[in-house]
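S.K.: Feature table excerpt (TrEMBL):
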DOMAIN    26-81  domain 'Acetyl-coenzyme A synthetase N-terminal'
DOMAIN    83-467  domain 'AMP-dependent synthetase/ligase'
BINDING   192, 193, 194, 195, 312, 336, 524, 585  CoA binding site
BINDING   388, 389, 390, 412, 413, 414, 415, 416, 417, 501, 516, 527  ATP binding site
DOMAIN    532-610  domain 'AMP-binding enzyme C-terminal'
BINDING   538, 540, 543  Mg(2+) binding site
MOD_RES   610  N6-acetyllysine
Ligand code: WT7
């Protein structure tokens, strides 16, 4: 492997950074020598009602399994995010809410105001009968209401489950039913790119599909003012229930290991699983990583473009930044509305210093050329971040040179819904940076590569990415299915957490994530299980069988290629293709829209009937000359037909 090109850290940046190369090295050394000391210090950054004395209690051994951090500590996450800032910085702006409509005025919300709003809603939720441990589903646009709703749940010890506003009713229904939510918080409509999203109508449809009567109340935020159906007594207006509530609300005393939230994410099999995060360790990890990875300072204006419907929005819009008392932009809109300068205009308008987005957005904007970027000054920027999928070196360079004017370090942050926070990333003052590499595990994180048999890959090499030990932000279980948790993550390689990603490690010990090695796709940074798309397709009366794979896509990272076998006698038509696309959109949501549907007279299978996805992937990639071993195929002719037909795509 040739030595990858590196970008040295600017000495002036390093001189002011929280961690320079020496500082990072010292912390790594301490974390190796005295991990509990480092973890204890990490907890010290939170506001505890009772400080933890037990630091960690972890075993990845299936028969003696436990992950417990700070287990005798007591705290309330909303107190660490709000109350403790009130004395010294209550008037500081917590949120700058930039609406979808560029002509609309940005709303500034101080920590004091945010605290009051959270308290009023906390009281209202208690009045509506929501108790500690109850689940609340949140289906809201990217506005202050979403942040308030999440923290109000935390305040009263309710467990929030945020569902991304782009998900279709069936997906909302599955998520409500799985955790048996007592209450749903939504809005009349959302606005994205000038278009309205019928959030309340989607919730109505979801509740009809959910097959559960757990939901007693639907709280509706009046956002666009659109006329919607209110079904009494179930549906209540948010403004009506919070009106007149006191702006103080006693925070529930939570154990560090009490659940903070559930967030559903796709796996390689079955329905999305409810990733459960607990209070103390998660919050400490989100806060510490947010401060160190972005080199957060007192005068920063931070902006993460992720929606709160994803883990990035949980850890790096809500919990991390607010625990750190940061000032941040919350953006309702999209990068290309009203035009492709929007991000950079918002950066200038609010003098954003730290900007965190996804490679798919960078690639889409890159395609539009430099002019829309250069029209804005961007002089305030000092740190850039990337998250969600591998960033190709070309996009990295464009981000660095064009967006950051070659002044701002880029932190390429690798992590997952399951990890709660960033695990592998450069520290911007400790560098050097390498375009395309997430570089090194953060101090205290024990990453490793293993081969298919679980043997360690030492030094330079390639393998499957595992974590040998726990960290405070690790998920604790799959909600309602602890066996699935252990099965999914700790049984491929006993004694290790398996990430599902492949990676390469270079001679400097830097990691290059190569992508998922399981049947999970990463489409525009959104995680989609092939099994979910397949089950949406086979639900159609004309479909006999379907197999879905990913293929490289210039903008989206991966595109979605579906092979569909129709029932005997059904004509493959364009109308049917459109119907199938619609099936997927209405079962999951627009993010799972197939880019290609290929009619397949048959699917390549082993003699035992297992679909050979490896072959389907190669065909979709246009690499039919590299099919590898096909000797186990039951019917080789099937492959020839698929290859011939697939030429049309490339
Ligand atoms: C998967 C996790 C991390 C929050 C958003 C996505 C991929 C994530 C990177 C990165 C290469 C990355 C991995 C991972 N991924 N960040 N910097 N470089 N790949 O969270 O939906 O749970 O997806 O996203 O494949 O396993 P998620």
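Note: Cβ is positioned from N, Cα and C throughout, glycine not excepted.
TrEMBL annotations: computationally assigned, not manually curated.
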S.K.: By CA distance, which of the binding-site residues (192, 194, 540) lies nearest to residue 413 (ATP binding site)?
M.R.: 192
S.K.: What Cα-Cα separation, expressed in whole Å, is found between residue 194 (CoA binding site) and residue 388 (ATP binding site)?
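M.R.: Here the two Cα atoms lie 25 Å apart.
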S.K.: Where ligand 1 binds, which of the binding-site residues 192, 312, 415, 417, 540 are close by, with Cβ under 6 Å?
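M.R.: Within range of ligand 1: 312, 415, 417.
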S.K.: Compare the C-alpha of the residue listed as 'N6-acetyllysine' with the C-alpha of each of the binding-site residues 193, 516, 524, 585, and give the closest one.
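M.R.: Closest candidate to the residue listed as 'N6-acetyllysine', judged by Cα separation, is 516.
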S.K.: Taking the Cα atoms as reference points, how far is residue 193 (CoA binding site) from residue 388 (ATP binding site) in Å?
M.R.: 22
S.K.: What's the CA-CA gap between residue 312 (CoA binding site) and residue 390 (ATP binding site) in angstrom, rounded?
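M.R.: Distance (Cα to Cα, whole Å): 15 Å.
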S.K.: Give the three-state DSSP assignment (helix, strand or coil) for residue 413 (ATP binding site).
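M.R.: The residue in question, residue 413 (ATP binding site), is strand (DSSP, three-state).
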S.K.: Find the shortest Cα-Cα separation between residue 195 (CoA binding site) and the binding-site residues 415, 516, 540, and name the residue that gives it.
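M.R.: Checking each of 415, 516, 540 against residue 195 (CoA binding site), the shortest Cα distance is to 540.
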S.K.: How many Å lie between the Cα of residue 390 (ATP binding site) and the Cα of residue 336 (CoA binding site)?
M.R.: 22
S.K.: Cα-Cα separation of residue 540 (Mg(2+) binding site) and residue 417 (ATP binding site), in Å?
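M.R.: Their Cα atoms are separated by 31 Å.
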S.K.: Take the C-alpha atoms of residue 417 (ATP binding site) and residue 538 (Mg(2+) binding site) and report the distance between them in angstrom, rounded.
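M.R.: Distance (Cα to Cα, whole Å): 28 Å.
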S.K.: On the three-state reduction of DSSP, what should I expect for residue 312 (CoA binding site)?
M.R.: helix
